[in-house]
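Q: The structure follows.
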Amino acid sequence: MTDSRYIGRFAPSPSGELHFGSLIAALGSYLQARANQGIWRVRIEDIDPPREVPGAADTILRQLDHYGLHWDGDVLWQSQRHEAYREALTWLGEQGLSYYCTCTRARIHAVGGIYDGHCRDLGLGAENAALRLRQTRPVLQFSDRLRGTLIANEPLAREDFIIHRRDGLFAYNLAVVVDDHFQGITEIVRGADLIEPTVRQISLYQHFGWQAPDYLHLPLALNGDGNKLSKQNHAPALPEGDPRPEIVRALRFLNQAIPEEWQALNIDDLLAQAVANWQPAKIEHSQMAPAEL
């Protein structure tokens, strides 16, 4: 990268409306970018049509705007980036860094749940096959700005993981790396549920010969059952009314200072003060339920 300016991003999938857990990730990445006088980009990760909800992407963008989280530049849509992903796959193939695999989930489960390289040297064709990375640069640990050095699950880190699915869809790890590199992302601020795939993504950066970004993984908001707030767990959508109470609730969750007279501030001024007071070192590492705050 020739530009040393901070560039962050928020990259939701359009599988439903934003909820409080989504707001934490969006707000954390926004504040980190603005506190570093940086750029904050938004990307819609719409590469998995079976999981997408019609109209959700437009709703997400309206929600961000309503909550004062205004992004820089154009929104990047992964559904418009297929050619870039194909080029990346072609390059990996030309370098001998990928191969086709016809192993089923049942077979992988039968050998312990970690792919054992069964198809690595079989020279299979593309028919009814997934494409796997031929892992030559496993990443066994990485540094997180909040959590310090994180150690990977070594068998998982060494696994030849899928980069193009059997059903013809591009794998998440490939798409996110290609797009983060394309957008010049210098730091990724996101939820702790994405810690595990980070070593795979850094490994892809190394295979491509690209500089990996820095990482900061935020704690997850939990529901009353101790599960992550998510669209799959039917977390309620963000309220459509006054956005300020939810922003304050998210700031409290992130252990940030709250202006005493926040009710007198409009949303833009509230966020400006949040940027000025932003201290990521104060964020608690553990997941928690919002009701406990």
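Note: Cβ is positioned from N, Cα and C throughout, glycine not excepted.
Not my notes, these are from Swiss-Prot:
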BINDING   ARG9, PHE10, ALA11, PRO12, SER13, GLU45, TYR172, ARG190  L-glutamate binding site
BINDING   CYS101, CYS103, TYR115, CYS119  Zn(2+) binding site
BINDING   LYS231  ATP binding site
MOTIF     12-22  motif ''HIGH' region'
MOTIF     228-232  motif ''KMSKS' region'
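Walk me through the surroundings of each of these features.
A: PHE10 (L-glutamate binding site) falls within a strand when secondary structure is assigned with DSSP.
Neighbour list (CYS101 (Zn(2+) binding site), Cβ cut-off 8 Å, at least 6 residues apart, same chain): TYR115, HIS118, CYS119, LEU124, ALA129, ALA130, LEU131, ARG132, ASP160, ILE162. Mapped onto three states, the DSSP output places CYS101 (Zn(2+) binding site) in strand.
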Q: Name the residues of the same chain, 6+ apart in sequence, whose Cβ is under 8 Å from the Cβ of TYR172 (L-glutamate binding site)?
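A: Sequence-distant Cβ neighbours: GLU45, ILE47, ASP48, PRO197.
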Q: Nearest of the binding-site residues to CYS103 (Zn(2+) binding site) by CA-CA distance, picking from ARG9, PHE10, PRO12, SER13, ARG190?
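A: For CYS103 (Zn(2+) binding site), the spatially nearest of the binding-site residues is SER13.
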Q: With an 8 Å cut-off on Cβ distance to the ARG9, PHE10, ALA11, PRO12, SER13, GLU45, TYR172, ARG190 Cβ center, who else from the chain surrounds the L-glutamate site?
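A: Output for this site, in sequence order: ARG43, ILE44, VAL176.
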Q: Of all the binding-site residues given, PHE10, TYR115, which has the fewest Cβ neighbours within 10 Å once its own Cβ is left out?
A: TYR115
Q: Given the binding-site residues ALA11, CYS103, CYS119, which one is most crowded in terms of C-beta atoms within 10 angstroms?
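A: The residue with the most neighbouring Cβ atoms within 10 Å is ALA11.
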